Amino acid sequence: MGHRFSRRRMSDLDSLPQGRFSFSEEAPPRYSGGGDQDTVRNGQASSLSRDINVNMETIPGQQSDRRASRQDGRRPSIYSTMDAVPHLEFYCNATATGRLRRSRPSLETLRKAFEVSSRYHEENGAEGKTTEPVRFGWVTGVMIRCMLNIWGVILFLRLSWITSQAGILLTWVIILMSVLVTSISSLSVSAIATNGRVSSGGGYFMISRTLGPEMGGPIGMVFSFANALGCALNTVGFSESVRDLLVEYNAVMVDEINDVRIVGTITVTVLLLISLAGMEWESKTQVLFFLVLMVTFANYFVGTFIPATPQKQSKGFFGYRVEIFVENLLPDWRGSEGNFFQMFAIFFPSAIGILAGANISGDLKDPQTAIPKGTIMAIFSTTMSYLLISITAGACVLRDASGNLNDSLPVNYSGPCEGLGCKLGWNFTKCEQSQSCSFGLSNSFQVLNLISGFGPLITAGLFAASLSSALAFLVSAPKVFQCLCRDNIYPYIGFFGKGYGKNDEPLRAYILTYFIALAFILIAQLNVIAPLISNFFLCSYALINFSCFHASITNSPGWRPSFKYYSKWTALFGSIISVVLMFLLTWWAALITFGIILFLFGYVTYKKPEVNWGSSVQAGTYNMALSYSVSLSSVADHVKNFRPQCLVLTGPPNLRPALVDFVGSFTKNVSLMICGDILMEGALLLHPFQRRQSKRGEMLPPAAGLGKMKPNTLVMGFKTNWQECSPSSVENYVNTIYDTFDSNYGVCILRMMDGLDITEELQCEGVSNQAFESDEAINSDHSENSEGESGKDIRTVFQNKQGKKNIDVYWISDDGGLTLLVPYLLTRRKRWRRSKVRVFVIGQQQTKEDERTEMMVLLRRFRLDVHDVIVITDSERPPFSKNLNRFEDSIAGFRLREGQQAEGPAHQERTEGPWKISDKQMDAFRLKSERKVRLNEIIRRNSKHAALVLVSVPVPQGGCPSSLYMAWLDALSCGLHCPILLIRGNQQNVLTFYCQ
């Protein structure tokens with residue numbers, strides 16, 4: 001339903017309250033009282049007239065207000081001083097930090113026939129003087145952070161070994177394949193990030209706002225946990241490097257395992273303190289790590305040009321040599337791990353850091369610019385570093401070397417010598433044949449240390465890379481988890497969503513991440529857990545790519561990313577390849593990951609959180625509905641696919657809940673139900689607010705619906721006050737039934753002993769109907785009981801289980817089967833499942849059994865589960881006199897008086913009042929009237945304990961006054977304690993026993 005407004009007359013201005021407009025973030029504008037309203041109502045509005053000029057003239061002081069508003073960007077429109085020009089902050093979702101959100105005036109406000117002075121601009125544009133939070137640009141906030149997260153221990157300890165196994169060519173293939181996945185994902189991230197303002201939450205925020213909470217919630221939980229594990233892994237990597245140094249210098253504290261635990265605990269605690277100090281300190285620490293790595297890389301590349309000493313030559317380093325490059329160009333698989341996919345699995349985790357910048361999107365100055373530019377530049381820079389280091393190491397170092405200075409060859413050596421080392425003056429044949437070489441690309445993880453100009457700087461770079469990655473993960477996990485907690489998708493985690501300080505730091509989430517990371521650090525054996533991390537990140541990449549693809553194919557007008565360098569097909573490819581890689585790397589970890597995702601997905605789907613983020617799933621649902629509706633329009637109707645699609649004349653639905661509940665009992669998840677209202681101004685107001693004038697001045701049902709998704713049955717409540725209301729109201733009621741039959745629709749009229757309208761009950765509770773109230777009235781009662789809350793306290797009979805009661809169907813006239821279809825649909829519901837359907841038909845005493853058998857056969861062919869068929873043989877008996885007298889008394893007020901029975905006056909009287917009944921009409925329809933009364937006697941005799949009674953409604957005939965037809969409906973349905981449904985189809989089959 002909707003809101004109904006009327007134009008205010010100029011005289012209504014005296015009733016307006018005195019005061020200024022106030023605007024809140026979520027509620028529509030309303031008045032805040034600033035004066036004596038009683039004085040205003042009594043016409044003493046002198047104080048109001050000083051602020052309001054009815055003739056739209058310039059308000060004193062308005063010129064200065066306009067000048068002031070122009071200075072701060074809040075200029076009024078040329079149409080009105082209350083009408084604002086377009087402004088960016090009118091489109092913000094939430095209040096910006098340190099500023100009050102600005103709101104444009106509502107449509108209702110602009111329709112008022114007055115203008116408000118500069119109070120609106122002063123109140124709506126007030127700005128607080130608060131300290132601005134620290135924000136980062138694309139270099140320090142995204143590019144450096146992503147580069148540090150991508151560079152890690154694999155670069156320093158495994159890249160040269162991978163080059164020895166796969167060769168330079170396949171190593172480049174491995175690097176480029178990894179970069180392909182991350183690059184496609186970065187393009188999808190860039191597209192999503194530039195399709196609207198990205199708040200904090202990184203990958204979770206992007207997925208959830210694109211695919212909805214069902215997919216965003218599980219990824220947010222898994223992604224947060226993966227970042228916490230990433231912090232633990234990098235901390236352990238750093239701790240193991242420190243442990244190796246302690247072993248080398250004979251400085252072991254306890255033992256190898258406990259030393260890792262001790263160093264790891266101290267390290268993660270220091271990183272936590274840096275994080276708690278704020279993003280500014282954390283960013284400065286990351287810049288320091290970045291500078292250390294830059295010096296490390298410079299040291300490495302300078303070292304490749306420094307002539308090799310004999311000590312380095314004995315370990316396989318000879319500087320740039322063409323023969324070494326050619327020798328290392330092709331693969332040389334060794335050991336059980338010697339295959340392409342194993343090498344890819346080892347290398348790929350080094351490329352998972354592309355979301356490090358997006359994860360702190362809430363701390364960026366301009367996320368829409370910083371995320372695409374910083375992420376892509378980080379991928380390009382780190383890719384070049386990986387490619388250059390792999391090719392330089394492959395061009396300078398042999399695969400095998402002994403490290404023994406005695407293996408150098410004299411000048412004129414002519415003994416046995418095999419391999420490339422012989423040409424370079426070294427004989428490594430012995431260790432190569434015995435596979436005991438300790439140095440070279442295939443045997444040592446310290447090749448970068450060997451090549452560099454100053455070895456300790458490589459160790460410093462290794463420390464910087466591992467610590468920077470651990471710090472980035474330690475910061476990312478709380479940021480993502482804070483956003484998830486604030487969305488209230490999962491229970492019991494809202495405690496960790498609280499932020500502190502000017503940057504809204506998630507200190508509680510930091511502590512939680514610290515303890516999770518510490519728990520895995522204390523294990524000190526993460527070889528089993530590590531594959532899960534890569535799978536978690538790959539799963540995130542898959543969903544990010546799918547989010548971009550899905551948002552693109554829905555053709556939603558809201559999908560307008562400013563980043564244009566993406567394709568929906570590359571995004572789909574990135575999503576598929578990410579899933580494939582999950583199973584190729586570690587299939588069991590992929591199964592665990594999908595198991596966790598499905599469990600969390602099922603929980604969110606079951607709980608259905610009350611959030612609306614305008615996801616692409618909603619856009620896709622609209623597209624599907626539109627497409628199916630269009631395709632359905634070209635399909636001819638078939639009796640097998642008939643569904644009772646109901647237009648229910650409820651008025652405001654909360655005023656007649658029994659009518660809504662009853663129709664919902666047989667249409668929910670089956671067919672269509674549209675609620676509508678008849679307005680006495682001469683139009684029928686439907687839910688879509690569409691109107692069409694009929695010959696009787698009312699709205700016909702065909703205006704509702706779309707294509708084949710439109711009503712075919714009108715459902716209305718019985719007009720219990722038809723004898724007391726105005727005759728024109730009765731005429732309009734019956735004319736509605738006439739119009740429905742004229743439109744070839746079915747008709748259902750529900751009558752209950754206590755009536756359907758609960759307006760008085762709601763008024764007694766102090767609750768007003770808000771369906772047709774203005775925003776102003778709704779807001780004034782916002783703190784009181786709402787319409788929805790009231791509806792929850794009112795239970796109707798159709799919400800209760802009906803037990804084993806009967807559903808009695810009086811199939812008096814064959815209407816095509818609608819009278820039988822409705823009770824069948826009811827019995828498919830849980831509340832009506834145990835009810836027994838009994839069918840009553842009119843017959844003769846002599847052929848009673850044959851007629852019963854014939855009806856049983858028909859119902860069996862229809863595949864309807866009917867408990868019993870009863871043939872009524874006494875329907876032609878005259879009714880009891882008291883019941884007939886009651887019927888005649890009900891229409892006495894509509895009869896023409898004796899002086900009006902003449903032909904001329906009677907014709908004029910019926911023209912002016914077509915509901916009037918003449919004696920001639922009464923005699924013509926007497927037999928039909930008596931049969932209606934007699935049928936009611938039969939119904940009351942047989943169905944006084946039924947749960948529901950359905951009776952075929954008579955079709956109104958020409959010449960039958962509306963009051964007489966209304967009396968027939970009353971006579972058929974009176975005297976029953978159970979609900980009774982007067983029903984009639986459109987005389988076209990809705991049931992069939994054929995299969996085509």
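Here the Cβ of each residue, glycine as well, is placed from N, Cα and C on the backbone.
TrEMBL labels come from automatic prediction, so no person has curated them.
Cross-referencing 454-476, 730-752 with TrEMBL places the feature transmembrane segment at 454-476.
Range annotated as transmembrane segment by TrEMBL, chosen from 258-276, 657-675, 961-979: 258-276. It is 507-526 that, among the stretches 340-362, 374-395, 507-526, forms the most Cβ pairs under 8 Å with the transmembrane segment (258-276). In the predicted model, the domain 'Amino acid permease N-terminal' (79-117) has a mean pLDDT of 56. Simply put, out of 169-194, 340-362, 374-395, 571-604, 340-362 has the most Cβ pairs sitting under 8 Å from the transmembrane segment (136-157). Comparison of 169-194, 340-362, 374-395, 507-526, 571-604 by number of C-beta pairs under 8 angstroms to the transmembrane segment (454-476) places 340-362 first. Touching of the transmembrane segment (215-238) and the transmembrane segment (532-551) is concluded from the presence of at least three CB pairs under 8 A, sequence neighbours closer than 6 excluded. Within its own chain, the transmembrane segment (340-362) is flanked in space by residues 136, 141-143, 145-146, 148-152, 154-155, 158-159, 162, 165-166, 170-171, 174-175, 177-179, 181-182, 185-186, 189, 193, 198-203, 205-206, 227, 279, 331, 370-371, 374-375, 378-379, 382, 386, 469, 472, 475-476, 479-480, 483, 504, 530, 533-534, 537-538, 540, 581, 584-586, which lie at least six positions past its ends and keep a Cβ under 8 Å from the stretch. Long-range contacts of the transmembrane segment (532-551) within the same chain, counting only residues at least 6 positions beyond its ends with a Cβ under 8 Å from a Cβ of the stretch, are 181-182, 184-185, 187-189, 191-192, 195, 203, 206-207, 210-211, 215, 219, 222-223, 225-226, 229-230, 233, 345, 348-349, 352, 355, 559, 566, 568-569, 571-576, 578-579, 581-582, 585-586, 589-590, 592-594, 597, 616-617, 619-620.
Nonlocal intrachain contacts for the transmembrane segment (374-395), taken as residues 6+ away from its ends with a CB within less than 8 angstroms of a stretch CB, comprise 138-139, 141-147, 150-151, 155, 159-160, 162-164, 167-168, 171-172, 175-176, 179, 182-183, 186-187, 189-190, 297, 300-301, 304, 320-321, 324-325, 328-329, 350-351, 354, 357-358, 441, 447-448, 451.
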